[in-house]
Amino acid sequence: MLNRYPLWKYIMLVVVIIVGLLYALPNLYGEDPAVQITGVRGVAASEQTLIQVQKTLQEEKIPAKSVALEEGAILARFDTTDTQLRAREALMSVLGDKYVVALNLAPATPRWLAAIHADPMKLGLDLRGGVHFLMEVDMDTALGKLQEQNIDSLRSDLREKGIPYTTVRKENNYGLSITFRDSKARDEAIAYLTPRHRDLVISSQSGNQLRAVMTDARLSEAREYAVQQNINILRNRVNQLGVAEPVVQRQGADRIVVELPGIQDTARAKEILGATATLEFRLVNTNVDQAAAAAGRVPGDSEVKQTREGQPVVLYKRVILTGDHITDSTSSQDEYNQPQVNISLDSAGGNIMSNFTKDNIGKPMATLFVEYKDSGKKDANGRAVLVKQEEVINIANIQSRLGNSFRITGISNPNEARQLSLLLRAGALIAPIQIVEERTIGPTLGMQNIKQGLEACLAGLVVSILFMIFFYKKFGLIATSALVANLVLIVGIMSLLPGATLSMPGIAGIVLTLAVAVDANVLINERIKEELSNGRTVQQAINEGYAGAFSSIFDANITTLIKVIILYAVGTGAIKGFAITTGIGVATSMFTAIIGTRAIVNLLYGGKRVTKLSI
């Protein structure tokens, strides 16, 4: 019989709509200003921590809607953002640097919806407010470090083999040249070094020289490593900042986008994200006197560095250990109430420190603080020129064999100790980064964007509904119900997807898909009217109308989906957000227009004697 659906299709349609409605509902309940407390490096908060939080809030007379321990994290909800900020300050001072106290917006979803993991959509920066940074990795410094490593490695190999050389000089494109006493030594060096350094192209040059340059594959690998490692380290630093639902992702070859929703202290964010501080541990060369050091007369294996007081210190160039091996660091005070930083190393770092210190007991070891800072100058491309600043913050005699844990002193004040411990805990950047773009969106503007976005959606929906009802009567009402169902399904699916974030371009995508859904219904209704004018019966006209319009609707939507997939693949940020909502909307509009409206039409007219249609 024409225009009848089997029962399972109706059941499927009802189930899909109900599920979509359930997962769309949390978006109506809004969010509470909240403070989220988590342990550093994955340590779970305990019942004792919960009691401490509750006690602190009571003592400071800060009213909380609720304070709960959930999945190893404490979530305290408040009525206003002012109360939220007061609570964060109070809890940070009490809990110290063992916990991350993050500002958050916690969904006010009822328990029965939370039980089925129904959560509201994640809002993008333009809707929620916050700060956006576009950062550029300083590839010149990253590859320069690799060049230095190659120089040290080749020098070490030549000394190990006993091949004499006179000078080592840096060359263009991060290469290097080594000068030997004669051609025999040069040829021997080439034969020895080539199989040991597959990532270098080593060639003979005139004047008893060899030249070594990195292969294109090695340079590409180094660039990729610098960006990826910086992304990982920035994510760690964002966690230390205490930001909920941040975005840290790559953009292009050497740029990184960082978005921090709800952040209010932008100066602090820039300070932590852009900081390039790390530590180097080196042995002090005690064979050079102060006068020679001040005059810069030092051996080739040493160099002069300054203390914070401006005193010269001669350090060996060989770095015993860098901040890369630091797994944890905390700030505290020593027995003299002076600030110190307690450092824990990974197993490899612990072995290096242990093996070195056992052979050098009684010798002085210096802690060198290394940082890149903006010089205030610009290069030819208008980018800030960074300068490397190094200062000796601590010199101590090695009194015993050190292991995985030790402490450093000589730090000016407790704030600096906390800052240094935070940076070391998060990890040192592989290469300096520059903030090339910064945008701040206030919470008020975010709310305004939400309001305008909702108004745009509702206006588009109302105009479409009026148009459909005016032109297609009862079939227009059926199409209207499909439009509403389409919007519910889009919101429900967006809420279900863990990585989906709704932004202003995403709202534009939703408005666009509502237009696409209207277009599909227009095609179907016009085809039915055409079949009726050709003398078909009502049942035949409905059947032929849907069948005839299907190919046009399907082809149009498939081409749109192809474009959306391409946008998602090559786009970033806002473009991806637009692609996601448009793709979801196209799929749901096909479902509601072809299956949803047909189900309603079949229920109303299927298998019945109908002589006239309201269309």
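Counting begins at 1 with the first residue displayed.
Using the three backbone atoms N, Cα and C, a Cβ is placed for every residue, glycine included.
Feature list (source: Swiss-Prot):
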type: TRANSMEM; residues: 10-30; note: transmembrane segment
type: TRANSMEM; residues: 452-472; note: transmembrane segment
type: TRANSMEM; residues: 477-497; note: transmembrane segment
type: TRANSMEM; residues: 504-524; note: transmembrane segment
type: TRANSMEM; residues: 546-568; note: transmembrane segment
type: TRANSMEM; residues: 585-605; note: transmembrane segment
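Contact check: the transmembrane segment (477-497) against the transmembrane segment (546-568) gives fewer than three Cβ pairs closer than 8 Å, residues 6 or more apart, which falls short of the contact criterion. Of the recorded ranges 452-472, 504-524, 546-568, 585-605, the transmembrane segment (10-30) has the largest number of C-beta contacts under 8 angstroms with 585-605.
Same-chain neighbours of the transmembrane segment (452-472): 127, 479-480, 483-484, 487, 504, 507-508, 510-511, 514-515, 518, 521-522, 525, 615, counting only residues six or more beyond its ends whose CB sits under 8 Å from a CB of the stretch.
For the transmembrane segment (585-605), same-chain residues at least 6 beyond its ends with a Cβ under 8 Å from one of its own Cβ atoms are 3-5, 9-10, 13, 16, 475, 478-479, 481-483, 485-486, 489-490, 493, 509-510, 512-514, 516-517, 520-521, 524, 538-539, 542, 546, 550, 553-554, 557, 560-561, 564, 613.
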